[in-house]
Ligand code: AP5
Ligand code: ZN
């Protein structure tokens, strides 16, 4: 199964990609996670991209495309396909991989803009395993999966979120038309409860198993 998850920051792409990856046993590839892991490890890539993430700006296309294409050559993707979460994010990225990578479907997670800011400023992530939570539904102070500490992502501060939303509108939203013209776009209502959004996506993707 070869799928792209499209949608604004906070739409729930990561939340759903984790669940769908488990459901269909397909690798979840998040360019944001790859960048954050490299920043945490202070690798050359991490040092190169840190200032972009801190400001809510996109990492340059050439860097991102190279990282993504190289990840897709690994055995798990070759054998089982991929769920791309956060890539492509510009027309240049989509055009650069068009014809190089196959796609069965693009899942567009649609959420009204006014819901996104509170979702992002209230998001907490586990420092150890990366699991995602929201303050409104948190049961305790530690990760429910591994007991690790919960932290706020640096780019989830309000000013940075507003910048990310602007970047999304200007650079990423045009991809909806790009993929609709190819007959690949499936839009789901991402304002529904997490389980309901998951069911809607499973219903679309089960045809591609
Ligand atoms: P990335 O990590 O991809 O961030 P993003 O696209 O901004 O997406 P988010 O992770 O913020 O949101 P999400 O849709 O995954 O929401 P989530 O499931 O967590 O990118 C970060 C940065 O990396 C970029 O700014 C850029 O600098 C760089 N980058 C990455 N890819 C790049 C690329 N291709 N090119 C260039 N630069 C790139 O959910 C959010 C919150 O809502 C959580 O608290 C969750 O619990 C809650 N929630 C989820 N679903 C629901 C629901 N149905 N109802 C209620 N609450 C919900
Ligand atoms: Zn954890």
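We number each residue from 1, going along the chain as drawn.
Placed from the backbone N, Cα and C atoms, the Cβ positions cover glycine too.
Taken straight from TrEMBL:
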BINDING   10, 11, 12, 13, 14, 15, 123, 132, 133, 192  ATP binding site
BINDING   31, 36, 57, 58, 59, 86, 87, 88, 89, 93, 153, 164  AMP binding site
BINDING   126, 129, 146  Zn(2+) binding site
DOMAIN    123-155  domain 'Adenylate kinase active site lid'
REGION    30-59  region 'NMP'
Who are the chain neighbours of the region 'NMP' (30-59) in space, where the CB to CB distance is under 8 Å and they lie at least 6 residues beyond its ends?
14, 17, 67-68, 71, 84-87, 89-90, 130, 153-155, 160-164, 167, 171
In whole Å, note down how far the CA of residue 153 (AMP binding site) lies from the CA of residue 10 (ATP binding site).
12
Kindly assign residue 133 (ATP binding site) to one of the three DSSP-derived states: helix, strand or coil.
strand
Nearest by CA distance to residue 87 (AMP binding site): which of the binding-site residues is it, out of 12, 123, 126, 129, 146?
12
So which binding-site residues out of 10, 12, 89, 126, 129, 146 are up against ligand 2, CB under 6 A?
126, 129, 146
Euclidean distance between Cα atoms of residue 126 (Zn(2+) binding site) and residue 57 (AMP binding site), Å:
23
Under a three-state reduction of DSSP output, how is residue 14 (ATP binding site) classified: helix, strand, or coil?
helix
Which ones are near residue 133 (ATP binding site): of the binding-site residues 31, 89, 126, which have a Cα within 10 Å?
126
Which numbers of helix, strand and coil residues does DSSP report for the region 'NMP' (30-59)?
22 helix, 1 strand, 7 coil
